[in-house]
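Swiss-Prot annotations:
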DOMAIN    21-190  domain 'SprT-like'
ACT_SITE  90  active site
REGION    187-309  region 'Disordered'
COMPBIAS  226-237  compositional bias 'Basic and acidic residues'
ZN_FING   344-368  zinc finger
């Protein structure tokens, strides 16, 4: 085999663990004209049933993401040539997906075989239709179940179900309904990896006990802190210092005048006579008011009393609007009505007749 071959035995020593991304870029430029730049390639650490898989996802009807995944558990046990041929096998599927929209992953028809023979002749490889890693696949299937029904005596499986993960046979399997009709037996687990049922927590505890370390954590209670700890001075509490000293009275008086006796008749009369008396009108007492009922502090305001005749309804006609916001309304004029009340009361301050609905505002204005 020539050195130009992609699977030359010398590469097993010079490059036993190649970078799959570098190989992908090299093979894409050499055999596929760089048309697989939109694809991705990556390792799959939990794929045990097959060596490689190519998936295609359509997004929005304009193409999608093409992904190539290689089984790391299976290919790490195989020679470098198997990795190269498996990668090229999946790249042919990706090329048919991208260029011809052939989404049948298991399709190895004339188109697939044409590209397979072309690459085998150009690169000196031995790409095949199916992978033959049966020994490696069998190695990772450590969880076994066997049926208790009649199918345990039938070829070719004799009732065995072998898997790499701990997932018992059930309704999620495609063949489950057929098995229930033809056999109807129950699956019992007969084999699993050694030490699979042991928990990780007990293992860590045993390791600590063997090494002499503490097996259990001790709870340490922090010391209690009270407010008295923050008021200690020189080893003595502030309460002791405060009790040792007696309170002292002020030596001098704050007020030295003679003062006057509260409630005396002479002082009361003199204080009352020093202020002018407020005038009163016929309508009652009023602070700062005059006999005419007009405040001396505010400008005069005329309040007209309503007539004895009933007040007619006042209508404000806004008319038709030219604005576009009113185009969808009725053709009639938009009207807002205000009805006045004929109830009136007498202001207790200025004896003025004011409408009942305005009395509160009038009192604020009159007494202000």
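Note that Cβ sites are derived from N, Cα and C of the backbone, with glycine treated the same way.
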Helix-strand-coil residue split for the zinc finger (344-368), DSSP-based: 12 helix, 6 strand, 7 coil
The residue listed as 'active site': tally of other CB atoms within 10 A of its CB: 23
